[in-house]
Amino acid sequence: MKKRLTIALVAHDHRKADMVDWCYYNSDFLAKHHLVCTGTTGHLIQQSFLDKGINAEVTCMNSGPLGGDAEIAAMVVRHEIDLAVFLIDDLNPQPHEADIMMLLRQCRVHNVPIACNRYSADLMLTSPLWDNEDYVPTKPRYERFDREKFDELYGKIKS
Ligand SMILES: O=C(CO)COP(=O)(O)O
């Protein structure tokens, strides 16, 4: 890949081991890009890369419950994040649920690819679209439903 990406990596406590293991598995790829993480996730990734002698640029924001998700969401809004991996603990409640929802929502609104499990994350990293200069991601359309307009668009999509 020619472009250096900024990749957001976030993991809840029960998913941190999974995140570090995933980072090791993809370390060749990740070491070429800029990693932006919530505080604890970032420090764990930094340390585990150091332990294996892997050089990577890791920026740590605040810890999630103290605003780390919100800081990364703001970067998404400013188009500073190219893709995100967010390993969420779906089995336990989080005190900062509102911030988690905000990060997920802003990724959807701003068309930032976000993977919430390792399988999706692996598929995302290995997509040939990263190197396809002709590929332009289609932005989400938010418009009031209008039957006539829909039929016109559907006609175009079908043909
Ligand atoms: O809570 C988190 C994401 O919502 C993760 O934050 P930490 O990486 O600081 O644990």
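The backbone N, Cα and C atoms fix where each Cβ goes, glycine too.
Per TrEMBL, substrate is bound by H12, K16, T38, G39, T40, T41, S63, G64; the candidate from H96, H110 named for the same site is H96. Packing around T38 (substrate binding site) is summarised by its Cβ count: 28 other Cβ atoms lie within 10 angstroms of its Cβ, all protein chains included.
Counting other CB atoms no more than 10 Å from each candidate's CB, the binding-site residues T40, S63 peak at T40. Less than 8 angstroms from the CB of D69 (active site, proton donor/acceptor) sit V10, T38, H96, D99, I100, M102, L103, each of them six or more residues away in the same chain. A Cβ within 8 Å of the Cβ centre of H12, K16, T38, G39, T40, T41, S63, G64, H96, the residues given for substrate, is found for these other residues of the same chain: V10, A11, D13, C37, P65, G68, D69. Taking the domain 'MGS-like' (1-159) as a whole, pLDDT averages 97 in the prediction.
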